[in-house]
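Structure record follows, encoded as structure tokens.
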Amino acid sequence: SDDQSSHKQVLTLYNPYEFPLKFKVLCTAPRKYTVVDSEGTIRPHCCVDIVVRHLDICINNEGVKDKLRIQVTEHGTKKIVGKKDIVAVLLPKKETSQQPEDNFQSLSGSTSSDSQPGTPSRAIRPGDRGQGGGGPSLIVIFTAVFCILALMLPLSGETGSRLPDYLHLTVNQKMIAAYILGLVTMVILHI
């Protein structure tokens, strides 16, 4: 409740199918939330962002668990093909991810001439990248390049490609590559 930027969240819906889907957002406490575009259509292989905003920020709503349900139907029918429940809780204070700093000391003997036994020879501050330099590791870079290459490969069943069939990926394989690339991007941006 003390962090106004957390009162709004974005949910992304992705349609991996060859046909359009309809979605609808339901809530156990509809007066406490507003949803931009609470109903709509997701085109094949496209995504839609849904913005959910908590409206009733007060001490009485802190700790109360509300649920949002995203219900998906095939376009043109009323048959529900999927649903996802999401729990929303208004917390009193923003949770911090920073842990208290511990006083770690070297276990091996110090080689620095001005160091006292039991004191570190180099202080490590938040934001310091350590001895590895200023960028992401080679594994992170290699993973990103691999995912980008996987996304550039043709889909299985596509004709007219000169690449062998084993290099044609399914939609699910490309989705996994895109997901991993997103995670790697987040890692790179936070380094």
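Using the three backbone atoms N, Cα and C, a Cβ is placed for every residue, glycine included.
Values in this document were obtained by computation on a predicted structure and should not be read as measured data.
Copied over from TrEMBL:
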DOMAIN    5-77  domain 'MSP'
REGION    96-131  region 'Disordered'
COMPBIAS  105-121  compositional bias 'Low complexity'
TRANSMEM  138-157  transmembrane segment
TRANSMEM  169-189  transmembrane segment
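Away from its own ends, the transmembrane segment (138-157) comes close to residues 163, 165, 167-171, 173-174, 177-178, 180-181, 184-185, 187-188 of its chain (Cβ-Cβ under 8 Å, at least six residues beyond either end). Here the domain 'MSP' (5-77) has, by DSSP, the following mix of helix, strand and coil residues: 6 helix, 41 strand, 26 coil.
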